[in-house]
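Asker: Could you have a look at this structure, given as structure tokens, before my questions?
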Amino acid sequence: SQPGAMYELNESSFDPITFVLTGIPGMEDSHVWLSVPLCLMYVAAVFANSTVLFVIVRDRSLHEPMYLFLAMLAVADLTLSTSTVPKTLAIFWFSAREISFDACVTQMFFTHFSFIVESSVLLAMAFDRYVAVCDPLRYSSTLTPAVIAKIAAAAVLRGFCIMFPPVFLLKRLPYCGHNVMAHTYCEHMAVARLACADIRANVWYGLTTALLSSGLDVVLVAVSYALILRAVFRLPSPEARLKALSTCGSHLCVILVFYAPAFFSFLTHRFGRRVPGHVHVLLANLYVVVPPVLNPLVYGVRTRRIRRRVARLVGLAGDGSCPGLGDDC
């Protein structure tokens with residue numbers, strides 16, 4: 001019975017009850033200073049996305065494809081930033097580094113899930129703009145309310161189906177006392193690397209799904225905007241061309257800011273052993289907070305009807321006009 005008891009003792013001691021998140025490796029002394037811009041960006045992201053969402057939900061005249069996609073984007077942004085930033089701030093401010101295994105896996109699920117949903121919504125928005133610019137006569141018949149509902153359901157279902165298997169891929173692994181994670185939140189590969197077993201299934205699953213989901217989205221978004229730009233350059237009016245280019249340019253900048261740090265983070269986890277840990281973790285924090293700040297500004301504030309409703313909401317335009325916002329209002 002003694003060997004059996006020893007075996008049970010060993011098994012329980014290897015059970016991953018808690019992980020320890022160290023924050024940004026090598027920059028522990030700067031955590032309080034780094035928390036200031038991070039907290040400000042998070043508060044701005046929550047306020048801006050909540051405002052856009054409130055305005056779209058409240059105003060029935062905004063229940064059109066473009067605005068419904070903006071509402072979906074706001075929900076994905078709120079989920080992405082709220083899944084990660086509060087825990088990061090708790091580490092920076094209160095040294096609350098411990099996180100249970102189940103809480104860690106839950107955080108990992110919602111972080112990656114909301115990223116996949118947001119990627120799907122950005123693709124849907126690129127398609128929306130493509131139809132609006134390249135085939136405007138068929139816009140209302142193509143993007144019907146039923147189609148929008150199916151796109152939203154497909155984005156959520158896609159994110160769930162992709163992120164459900166990694167939960168079990170992580171739960172099946174043994175964690176032999178390795179519980180210190182040099183990160184501010186739980187990522188799939190960051191957790192998998194703490195296991196004392198072969199994690200090739202996790203590596204290949206992550207690589208395959210990333211290429212077939214977000215990787216494919218990037219390609220399709222690029223194709224959509226290439227076709228939009230081709231149509232824009234055929235416009236007879238220089239002013240119309242300039243305005244369309246300005247809008248497309250700002251959209252492409254936001255898309256680049258969303259995907260670039262995420263793919264860098266994803267690739268360095270698998271291949272970039274020489275990338276300094278603090279660079280990797282800083283970029284991983286950027287992609288969960290910068291796009292949620294920029295999206296409502298670029299897609300929302302630059303959209304005339306949203307801008308008008310927000311201005312009215314905050315009392316700048318009680319009479320329906322938008323002083324200071326120009327003729328584009």
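Note that Cβ sites are derived from N, Cα and C of the backbone, with glycine treated the same way.
Unlike curated entries, TrEMBL annotations are predicted automatically.
The transmembrane segment annotation in TrEMBL covers 32-56, 68-96, 108-127, 147-169, 210-233, 245-267, 279-299. For 48-299, the entry in TrEMBL reads domain 'G-protein coupled receptors family 1 profile'.
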Asker: May I ask you to check whether the transmembrane segment (108-127) and the transmembrane segment (245-267) make contact, with contact taken as at least three Cβ pairs under 8 Å and only pairs 6 or more apart in sequence counted?
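Answerer: Yes, since the transmembrane segment (108-127) and the transmembrane segment (245-267) share at least 3 Cβ pairs closer than 8 Å, they count as touching.
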Asker: Mark yes when the transmembrane segment (245-267) and the transmembrane segment (32-56) have three or more Cβ pairs under 8 Å (sequence separation 6 or more) and no when they do not.
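Answerer: Not in contact, no.
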Asker: Under 8 Å between C-beta atoms and at least six residues away from its ends: which parts of the chain pack against the transmembrane segment (279-299)?
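Answerer: Residues packing against the transmembrane segment (279-299) from afar: 23-25, 38, 41-42, 44-45, 48-49, 51-52, 70, 73-74, 77-78, 80-81, 83-85, 88, 111, 115, 118, 125, 182-185, 187, 250-251, 253-254, 257-258, 261-262, 264-265, 268-269, 272.
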Asker: Are there residues at least six beyond either end of the transmembrane segment (210-233) with Cβ under 8 Å to its Cβ atoms? List them, or say none.
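Answerer: Beyond its ends, the transmembrane segment (210-233) has Cβ neighbours at 115-116, 119-120, 122-123, 126-127, 129-130, 133-134, 158, 162, 241, 244-245, 248, 251-252, 255, 259, 262-263, 266.
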